[in-house]
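This report refers to the structure that appears directly beneath it.
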Amino acid sequence: MMGTRWRRLPCVFLSCLCSYILGPVVPGKIATSQRADSGGSTASLLSTTSQTLTTSTPGTSTGTHSTAAPVPVNPGKGVLLFPYGPSAGDREFVRRTVDFTSPLFKPRIGFPLGSFLSDSLYFTDNGQIIFPKSDYQIFSYPNPPLKGFSGWDSVAMVAPFWDDADFSSSQGTMFYQEYETLYDDYNTLVQKVESSINMLTKTGNYKARWTLKITWVHVPAYPARVTIGTNTYQAILSTDGSRSYALFLYQSGGMRWNVTRRPGNPVLIGFSSGDGYFKNSQLTLHPVWEKYRPDQFLDSNTGLRGLQIYQLHREVKPNYRLRCLQWLKREPQWPSWGWNQISCPCSWNQGVLDLRFQSISRGIPGLRMSGLVAGSRQLCSSSSWRGGVCCRYGPWGELLQGWRVQSPWQLDQELELQNWCCHFNSKPSFCALYQLRRPPISCAGYQPSSLAWIVGDPHITTLDGVNYTFSGLGDFLLVRTQDRNSSFLLQGRTAQTCSANATNFIGFAAEYRSSSLHPITVQWLLKPNNTIHVQLNNQTIAFEANGEDAKDQEIFSSSGVIMTHYGSTVSASFDGAVAVSVLASSNILHISCGLSKGYQNHTEGLMGFWNGNPDDDFRMPNGSTIPKRSSEEMLFHYGMTWKINGTSPFGKRDDNLPSSFTPVFLSQLLRNTSLKKNLTSCHGDNQCIFDVLATGSENLGKDTREIFRLYQQMNTTLNQYPPSIKGPDVIKAYMGQTTVVNYTSNAKDITFTLRENCMDFKLFENGTLLWTPKLLEPFTLEILASSAQGNLSSVLKPRTVVCECKAESQCLYNQTSWVSNSSLETADCKCDGNTFGRYCNYSKDPCDEQCFPNVKCIPGKGCEACPPNLTGDGRHCATLEKPFLCQNESCPENYCYNNGLCSISHTLGCQPVCTCPAAFTDARCFLAGNNFTPTIRRELPLRIIQFSLIEDENASQADVNASVAYRLKNLEVWAFLWNRQVDQTKPSTAPASGSSLHHWNIISEFQYHPKGPVIDFLNNRLLDAVVKAFLPPAPQMRRNRSGGPRNNVAFHSISRKDVYSVMALNVSMLATYFQCKGYKDYHLVYSPQDGFTCVSPCSQGYCKHGGQCQHLPDGPRCSCVPSSVYTPWGKRCEQLSIKFRAFFGILFGTLGAVLLLGVAVFVVLRFWGRSWARFSYPLDSES
């Protein structure tokens, strides 16, 4: 049986073998089925082709918008430049040399760049607009940095096309024009710029206040002697004071520099504010040939070819310089003839008793305290013909400041204007302009109002201070006066005091007239329970509460009059010229009246003839006078001459007066012993004695005495002046040197002190001031002069100007800047030719400007030699070429395909050479296949982290920020942008050392990048790297030559729990921000080490069975390569066909091999059978 099985084996074996080799064969067409895609170790991510247009703002996006823009557009070719040249009113500026700079531009409103306001700028031949830290730090910087702009650039710059240019030949020029439109001035170009910015940024309300247009025309590259192609482009800087933008426009076809002859760093486009805010052009990540052709670049932010826009301000801040200038322009000049009549009370006590002035905390509703110093007090007075004045007083009642206002209701507005010009900007020159329009108001020339008053059963004190008693019954003229602007009338009505032969006032009426006001009439009428009924122009007025600070006080204001009601007192101020105060006590009205100095020599009535001479006070209507010491009877008859018999503001009386009334006189009362009572409470005061004896009321006599003493004290205080301070109001000092200044006073026993002590100042009690400036720290110098008598003080705030220039001869004391919000000013410096910097404290060095890439600079000597195969001075380097060798040769038309850049090669016998985009592999940019870095579709989001730090060095916020930034920018992968937030939390105390620990909260931002390991690092390794970066020791301090914060603050170690992620994007989300633009069928592939790459299917086995892949502009194509047996076919050579000759050869060869194999098997089996028989024995042989 074994032999039978094995004899069948060859047939079965042949059948299986043929089936295995040939399968179900169809002659001439043998197909294999394989997957079209090729698997690999990297993930394949497809990019979308939609385009999002965003404003070019770091870290922000404004969404999609229309690509239409009001800038001139050349259909199909991009934008047109704004008109330039002499015909457009431009100025030409060019120097036939290598590296030169323009004159300084100094916008009066400054220029917002980053977080600060720059004062000056200039442009260079190398396509830059630079904002120097000082007017003498002027360099041209021909070589851009290797990695583009970053968050730690020391030079603030806007770069429309930063590369080394050369105007030393006769070729090329520049034009510029400055436009100042602070006051809505119309300009056609500025209007077009505004429309462009409004359209491209979607703001809609942008109004340019300062614009600079710069045009670089036919600019040759370095070296100009061998340059053929030139560049023409334009930059527009524009600001509305708070926002700022840059427009870069590139002439279509006008950017023709030869890329193949740019041996150094590629061109840089974008900006850096110098304080951590920057933006690189989208072209930064594009191939070199595209960087040099921005006129052909379709910017996704603008949707236009050849136009880029940048937002230069980091945040919108109010521009107080602009507000000040605009106010100065539109504010009408006030009449000068009223200035000499405006002054402030010299002390707070004077002011509160001068009823022409009102405290703003209790004077005028609606006034807010914005702009006022905490703890200060304000008084205001208003006049319809000379405006108003407001005065601010310190804690000792000293006058701090006075300023003019149109009216008290505009105080808050006036304070805001003062803040704009004087307090909220760093330029004292704006405050000087404000003070020309609003000269500071002092108390020089202040004259208090002259007081007259009437108390009790009428006891009258005249305007010249004469006291007398008049108990007339009826309506009387108290005072009538006028000056050239106004007139005033005050009348009083008396009634009999109970049943006594004495009278008291029960009503007053005042009438004020002015050429600028309607007549004003106010009446005070006594009502029961010591209440006063007040009418204005015969209308009862309703008082209103006067704020939170004045309890129980009410106010009423109308045109020309301000009235206050407090308890039983009602006061009125008429147009800042007259003040009347009426008090109700013991059912009697008491009154005081204050008149301005202008009414002197023009008064009549019971309050006397006011001329400073008390001897002629009792002047009667006919002009005659009676002696000051006349008898009571004569004074009574004098008073009756001022009785009003006709019409009066009171109207007709309701009570019937006796036909004749003769009062009792004090001499009669004193002779009548039956009326004598206890008069000790009067302390010998005749007015008190009269009232007690005449009415029998001791309370009335006591009230009369107290009110009289009150008015008397008011009059005394009004005429008390604080000591004056005489001395210079400007102190100039040089850093480190002592300046001596002497101050004196017109008063005796005066003590001079400083309100706040300062280490650099020493003031002796005699007024000698020593100032030795050592540190440039903000302070406000206030010199107090206090008198031993009266507890009165004055203050002087002199301007303090310090110079920190390297040499005292460089100080410009008339050009200053404020130090923070203080009165200290720093003088500008005028540097000589060898120094620069804010204080001329740096000597110029050849290494202040960068050398050519990879060329070292030796301090004091300059740049070393150019790299091999390049020639130049080390700062400017160019290829070794024979000038004008190929100047008559040009590229054939359309020689390079797919936007390749054609140039004539000097080294290849003046043959055309193509510089191709990164994807192309052949010489003329037709066949693609190379991998390349994708372009960014829209603004990349930021990677954001937050962490906590502790330090015990009491470092400033700037120092902490610089130290953190220094460590983060030196991480193993370069991706740090800036610290968005550096905040200090509450300090604590270290238990061991007892020193103060300062806690800081930091929010840092990093930039994703498609190339290299940046994405993997930021998403997977950043947090651990930050922890490692803050391990001790601290890095060595590195300061730039222009000064600045230190960057070596030593922080305590942190752990992983102190650092956490705020925002991160995974690979899938990031993929939506990139695209393989312009190359069909390329797709995104991500790997941790290489980042995102645009990969051609040709590099991933697109063609099968040995097919050769060529990536043409319309996609990959396979060239199938036949072998001796198979013929590949199909789009990807995925199908196989076997040739007929090969088929039969294989068939017969296989059959022959099978036959031979069968014979061999037969022979083996045959031999094996015989051997088996020879060695086999029967089982029973042994038996």
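Easy rule for this one: first residue shown is 1, then count along the chain.
Every residue, even glycine, has its Cβ placed from backbone N, Cα and C.
Feature annotation from TrEMBL assigns signal peptide to 1-23.
Look at TrEMBL and you will find 32-72 tagged as region 'Disordered'.
As annotated by TrEMBL, compositional bias 'Low complexity' applies to 38-69.
Residues annotated as domain 'NIDO' in TrEMBL: 160-315. Mean pLDDT for the domain 'NIDO' (160-315) in this predicted model: 91.
Annotation source TrEMBL lists domain 'AMOP' at 316-438.
According to TrEMBL, the domain 'VWFD' annotation covers 450-650.
With DSSP states grouped into helix (H, G, I), strand (E, B) and coil, the domain 'EGF-like' (887-926) comes out at 0 helix, 11 strand, 29 coil. Feature annotation from TrEMBL assigns domain 'EGF-like' to 887-926 (among others).
Taken from TrEMBL, the feature disulfide bond covers Cys916-Cys925. In sequence order, Trp289, Cys896, Asn898, Gly900, Leu901, Asp922, Arg924, Cys925 are the residues of the chain that are 6 or more apart from Cys916 (disulfide bond) and have a CB within less than 8 Å of its CB.
The domain 'EGF-like' annotation in TrEMBL covers 1095-1134 (among others). Shown for the domain 'EGF-like' (1095-1134): DSSP residue counts in helix, strand and coil, namely 4 helix, 15 strand, 21 coil.
Marked as transmembrane segment by TrEMBL: 1142-1165.
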Outside the domain 'EGF-like' (887-926), six or more residues from its ends: residues with CB under 8 Å to it: 228, 258-261, 287-290, 292-293, 296, 881, 932-933, 1078-1079, 1082, 1094, 1096, 1111-1113
Cβ-Cβ neighbours of Cys925 (disulfide bond) (radius 10 Å): 23
